[in-house]
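Trainee: Below is one structure. I have some questions about it.
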Amino acid sequence: MEPNASNSMQPDHCLEITPMEVHKVVPPPHRSTIQKLKSRFKETFFPDDPLRQFKGQPLGKKWILAAQYFFPILQWGPNYSFRLFKSDIVSGLTIASLAIPQGISYAKLASLPPIVGLYSSFVPPLVYAVLGSSRDLAVGPVSIASLILGSMLKQEVSPTTDPLLFLQLAFSSTFFAGLFQASLGLLRLGFIIDFLSKATLIGFMAGAAIIVSLQQLKSLLGITHFTEQMELVPVLSSVFHNTNEWSWQTALMGFCFLVFLLLARHVSMKNPKLFWVSAGAPLVSVILSTILVFAFKGQRHGISVIGKLQEGLNPPSWNMLHFRGSYLGLVVKTGLVTGIISLTEGIAVARTFAALKNYQVDGNKEMMATGLMNVIGSVISCYVTAGGFSRSAVNHNAGAKTAVSNIIMSVTVMVTLLFILPLFQYTPNVVLGAIIVTAVIGLIDIPAACQIWKIDKFDFIVMLCAFFGVILVSVQDGLAIAVGISIFKILLQVTRPKTVVLGNIPGTDIFRNLHHYKEAMRIPGFFILSIEAPVNFANTTYLKERILRWIDEYETEEDTKRQSSIHFLILDLSAVSSIDTSGVSLLKDLRKALENTGAELVLVNPVGEVLEKLQRADDVCDVMSPDALYLTVGEAVAALSSTMKGRSSSHV
């Protein structure tokens with residue numbers, strides 16, 4: 001609704017209304033209730049019409065298309081060539097050099113054993129290569145999901161006092177995350193994740209990046225006794241209350257490698273062709289730091305290390321899943337939150353790179369692929385995985401052509417698990433902390449925040465609520481606050497629909513918003529409104545009160561000017577896409593209220609569904625009389641002006 005729209009009305013002008021041909025408002029073609037429900041169901045759950053490719057195909061071809069739909073690798077696999085493989089092997093080895101140190105680092109971020117991060121970088125990429133539809137997405141553990149998983153589980157179980165139970169709950173949460181993700185794809189309910197708006201995600205990601213970075217102060221400063229809480233105040237309090245535990249050797253090493261990693265990141269951002277600089281920097285840091293710690297006996301100087309890692313491939317973990325007991329609610333809730341966040345991030349990343357290469361990513365396929373990837377991973381010692389932006393960006397810049405790059409990465413991780421793990425025994429935790437900080441700092445998108453401020457101030461408030469909610473309250477509560485405010489915005493738009501007063505642009509039959517177009521003029525005897533939202537039970541009371549108040553203000557203004565009062569209230573319903581029984585009752589009430597003042601209600605261009613419902617409800621023509629229904633505002637004003645002149649002549 002335009003604020004003070006009535007105050008912006010221009011003085012009356014005696015416009016010359018040219019008679020014009022009046023077109024009849026035609027009702028939509030008749031459709032049965034079943035046909036309407038079928039159409040609505042299709043548009044809600046199958047807007048992409050996935051079955052159109054099967055039309056007119058022989059049975060054998062349909063089976064092939066069905067197999068290709070559920071297993072995209074069958075679509076591009078038969079045409080795979082050695083030329084594509086050369087590109088994929090380069091990109092696969094490149095992202096493996098990033099995935100190995102990131103896998104270890106993110107597992108520690110989730111308070112899980114480092115080896116679990118490598119397990120999660122081995123099997124899930126193989127599953128995604130078969131089921132995923134993106135050519136560029138590189139899957140594995142991601143920072144935000146790792147943070148949420150660890151922080152939510154730590155609220156009830158300590159990873160230090162009961163590490164086995166914590167690990168069991170992590171695998172169980174991963175199972176429910178995958179189950180939820182796959183269900184969204186299978187039931188075509190992907191629109192649910194759209195409630196995480198861009199503003200919400202930008203604020204949430206920035207807040208989470210700061211929380212993740214602050215958590216790394218434990219490793220970067222060598223603090224032994226560190227808070228289990230994630231919020232800003234407890235973390236900073238823990239840092240400055242334990243200054244006696246700070247290790248200058250650890251801090252020096254952490255600062256040096258952090259600067260090195262940030263410089264490598266900066267170089268790659270400035271020149272994308274040098275993608276390999278930032279991609280290889282984490283692995284180089286791990287190798288150099290491991291050599292330094294081993295050579296100079298860093299453990300004796302207070303530098304903590306990862307320790308010995310168990311060699312071998314993923315052990316089964318299906319017997320560790322919790323489907324009953326007191327922790328069931330915790331793992332379901334954790335799985336739900338981590339599933340939504342990782343799914344939203346993965347699909348956003350996949351669509352970003354698909355747009356750059358001009359191909360399509362099927363959102364529902366991505367949900368099913370990500371879900372099955374996590375369900376399978378949960379039974380073979382993997383925790384929540386998704387497509388991370390930094391890893392996928394490296395994959396894209398390295399020239400990945402297909403999902404084979406994920407297979408190459410997986411094979412490289414497998415070789416690491418089988419033969420190279422002993423070399424990581426002396427890797428210092430401080431370097432893993434530096435790797436995490438470098439990875440998450442890119443999640444703070446200041447230009448996007450400035451753009452939101454310029455475009456929509458309310459979205460900016462939502463972004464700030466997500467940001468401060470995460471850093472001051474908790475990760476999940478910050479997300480819930482932002483989503484709640486976003487939903488409130490939607491409810492506000494539904495319950496307070498935009499309604500504007502229209503005037504005529506001189507010399508034309510065009511009617512536009514009086515508040516917007518200063519040259520637009522009122523037509524004496526007419527009050528013209530445009531409702532620009534669906535009319536339903538949530539807003540009929542507001543619309544009735546607002547319209548009647550407008551009319552009262554108009555009448556008062558006209559009495560003051562001693563000019564003609566309202567003869568016709570014209571409602572332009574062109575933008576009203578739907579109406580319910582409460583909306584129909586609103587129109588009936590308005591007609592009765594106007595009749596008491598000697599005015600008439602006129603409707604303009606009700607769309608198909610609206611017109612159909614009005615016809616059904618109009619048993620005694622108390623809403624839609626033939627002379628009160630027009631196709632355009634211009635036609636309505638021209639026809640009704642002639643009627644007014646005729647009445648004036650008869651009175652004379």
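Residue positions begin at 1 at the first shown residue.
Glycine is no exception: its Cβ is also placed from the backbone N, Cα and C atoms.
According to TrEMBL, the protein has these features:
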- 112-130: transmembrane segment (TRANSMEM)
- 165-187: transmembrane segment (TRANSMEM)
- 199-217: transmembrane segment (TRANSMEM)
- 246-263: transmembrane segment (TRANSMEM)
- 275-296: transmembrane segment (TRANSMEM)
- 327-350: transmembrane segment (TRANSMEM)
- 371-391: transmembrane segment (TRANSMEM)
- 403-424: transmembrane segment (TRANSMEM)
- 431-454: transmembrane segment (TRANSMEM)
- 460-488: transmembrane segment (TRANSMEM)
- 516-640: domain 'STAS' (DOMAIN)
Trainee: So which of 112-130, 246-263, 275-296, 431-454, 460-488 is most in touch with the transmembrane segment (327-350), counting Cβ pairs under 8 Å?
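Mentor: By Cβ pairs under 8 Å, 460-488 leads among 112-130, 246-263, 275-296, 431-454, 460-488.
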Trainee: Who are the chain neighbours of the transmembrane segment (371-391) in space, where the CB to CB distance is under 8 Å and they lie at least 6 residues beyond its ends?
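Mentor: Distant contacts of the transmembrane segment (371-391): 95, 98-99, 102, 107, 110, 112, 116, 119-124, 127-128, 131, 134, 137-143, 145-146, 149, 170-175, 177-185, 314-318, 321, 338-339, 342-343, 345-346, 349-350, 439, 442-443.
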Trainee: Sequence gap of 6 or more, Cβ distance under 8 Å, 3 or more pairs: do the transmembrane segment (165-187) and the transmembrane segment (112-130) meet that?
Mentor: yes
Trainee: Could you tell me whether the transmembrane segment (460-488) and the transmembrane segment (246-263) have 3+ CB pairs under 8 A, leaving out pairs under 6 positions apart?
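Mentor: Per Cβ check, the transmembrane segment (246-263) does not touch the transmembrane segment (460-488).
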Trainee: So what's near the transmembrane segment (460-488) in sequence-distant terms, Cβ-Cβ under 8 Å and 6+ beyond its ends?
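Mentor: Result: 147-148, 151-152, 195-197, 199-204, 206-208, 210-211, 230-233, 337, 341, 449, 452-453.
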Trainee: Which listed stretch (112-130, 403-424, 431-454) has the most C-beta pairs under 8 A with the transmembrane segment (275-296)?
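Mentor: That would be 431-454.
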Trainee: Which residues of the same chain, at least 6 past either end of the transmembrane segment (403-424), have a Cβ under 8 Å from a Cβ in it?
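Mentor: Hits for the transmembrane segment (403-424): 72-73, 80, 84-85, 88-89, 91-93, 95-96, 99-100, 103-104, 114-115, 118-119, 121-123, 125-126, 128-129, 132, 134-135, 137-140, 286, 290, 306, 308-314, 395.
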Trainee: Mind tallying the domain 'STAS' (516-640) by DSSP state, helix then strand then coil?
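Mentor: So the counts come to 58 helix, 21 strand, 46 coil.
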Trainee: Determine the mean pLDDT over the domain 'STAS' (516-640), rounding to the nearest whole number.
Mentor: 85
